[in-house]
């Protein structure tokens, strides 16, 4: 569905700002609390919490993160889920979000309604409120930026720092080929992230958004390098499918494709991995994948993956 | 200064994403705390606070909120100050902000550096940290959206609700003509907002962004209407200047122009206004302006302003 129309009656310009904001509150329904806890005052008030808060922001931009082929409700859900994946990476749970919308006055009202209803349905699933936002006009743009606030689901939040040489490297699911649909159909790994943060074996965690080959650097201790076993990388069926036409290997897709939205984490080298993985399987259907470990620089075994030969998603090119 | 260049060496495309983010951290300097309290992890962690939090989001968009005539450092400051004005309207003080940047790869690095340095200087003035953000690429766009988190500076936050029929209507400064420079040179009324929230005479408050004629509706109790005395409206010199060419009266500019960024508030009808105003003057150089009061619907005295004859700034037209 294309988001723009030249028939003014079909567009946001027919409504004007005030009525548009009323419509947005109606579309959001019960995930939009009354002011001042939600939309309608200069700020939204978020009740006090005893915990540290986690903040993240990510946008969706027309022709960049979605196009006419993605249903608008899926665009709304993707906007929230991209941010939820960042919370999952800390072992945090969501509390509230604000949405800054930038749109061309020719934006179709029915596109926008489906976008907000998709966003609301997703917010409802994850039990968070959409508490505020902004609507700004600009030519030939349709973009929304969501800022998400959460807090630890247990006693700690996990960061990217903390892995050590010798630690095992894990991912929560098969990688690559997200472009074929997972990029907007994925489930953010919130329960998984919370479970992992509650287990002291896990020392560091992040989510995979730009491809394993690129993202893994951020988890790698400064005195180490990753030694990944090519036979252990879980390759998604979509990565295999893409490889048929792309002249790249399925493994190259698994290492290089963006928007996996799986969790990548490091497990303490002396932990009882068998017991850790077995306990995991009591809670989650999909197994954990141990794909290698961190070794001292220069000690990467023969046959392990040379990540310099692979690239993740490059922005600003 | 125009923000785009066709010489790749001058643009963000020459740097790529990772080096651009490093540059942004350098430009932000000491207002960018180390991860996970700042940029560099999946989320930024904000330490626990005993107080309720206030959240607001506002953007600046090229050709909408700024153009080539505004220095980039002033654009950065304006982005933050627009949001600070919303916190001021609650009597809140700022804690932390995240910035979502959307830019064309042809965006000039020196423009962006000045933008971030202007933002950082402003953040330093108001003692808040820039803790995170996102950089996304899109064609022919330069926009930044800032989400600001704050908390009550005293024991309460003030909302737009709470004014009653009979209450006095005040503003903190002269109105109109912001277009001539105040729209980016204004000082957000944070100290004033904090002072007003600490005084129980004040029942409701908001900031003026779309013009008094439009914004005042949000403060008006449902059983009342505002009775404004045209002789009491403080008209800025810029409004008078604009009126010389615009074929509108200075008063029309004061009532209708956007981006005043002054505070508008209601004072309990039985308060000792003389003492209230005198105490104010011990703290602030600029006097308070009482511009009228709320009266029962239909009881507006002859000679008071008919707000229906005036319009504020209309979005999405």
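Just so you know, glycine gets a Cβ as well, placed from its N, Cα and C.
Feature annotations, courtesy of TrEMBL:
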type	residues	note
BINDING	B:42, B:56, B:86	Mg(2+) 4 binding site
BINDING	B:42, B:86, B:207	Mg(2+) 3 binding site
BINDING	B:58, B:86	Mg(2+) 2 binding site
BINDING	B:58, B:134	Mg(2+) 1 binding site
BINDING	B:116, B:133, B:134, B:160, B:209	ATP binding site
BINDING	B:210	Mg(2+) 5 binding site
DOMAIN	B:40-151	domain 'PurM-like N-terminal'
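Reported as a whole number, the C-alpha separation between residue B:56 (Mg(2+) 4 binding site) and residue B:207 (Mg(2+) 3 binding site) equals 13 Å. Nearest to the residue listed as 'Mg(2+) 5 binding site' in space, judged by Cα atoms and limited to the binding-site residues B:42, B:86, B:133, B:134, is B:86.
Recorded residues residue B:209 (ATP binding site) and residue B:86 (Mg(2+) 4 binding site) have their alpha carbons 9 Å apart, per Cα-Cα distance. Here the domain 'PurM-like N-terminal' (B:40-151) is broken down by DSSP into helix, strand and coil counts: 34 helix, 49 strand, 29 coil.
Checked against residue B:207 (Mg(2+) 3 binding site), the binding-site residues B:42, B:86, B:133, B:134 differ in C-alpha distance, with B:86 being the nearest. In this structure, the binding-site residues under consideration are B:42, B:86, B:210, and the one with the smallest number of other Cβ atoms within 10 Å of its Cβ is B:210. Ranking the binding-site residues B:56, B:209 by the number of CB atoms within 10 A of their own CB puts B:56 at the top.
Largest CA to CA distance in the ATP binding set (B:116, B:133, B:134, B:160, B:209): 32 Å, whole number. Taking the C-alpha positions, the distance from residue B:42 (Mg(2+) 4 binding site) to residue B:133 (ATP binding site) comes to 10 Å. Neighbour counts were taken at the CB atom with a 10 A radius for the binding-site residues B:134, B:207; the maximum falls on B:207.
Less than 8 angstroms from the CB of residue B:160 (ATP binding site) sit B:204, B:205, B:206, B:218, B:219, each of them six or more residues away in the same chain.
Note on residue B:133 (ATP binding site): other Cβ atoms within 10 Å of its Cβ, all shown chains, come to 26. Under the DSSP three-state reduction, residue B:210 (Mg(2+) 5 binding site) is assigned to coil, being neither helix nor strand. For the binding-site residues B:58, B:133, B:134, a Cα-Cα cutoff of 10 angstroms around residue B:86 (Mg(2+) 4 binding site) retains B:58. Counting every protein chain shown, 24 other Cβ atoms lie within 10 Å of the Cβ of residue B:58 (Mg(2+) 2 binding site). Model confidence over the domain 'PurM-like N-terminal' (B:40-151) stands at 97, taken as the mean pLDDT rounded to a whole number.
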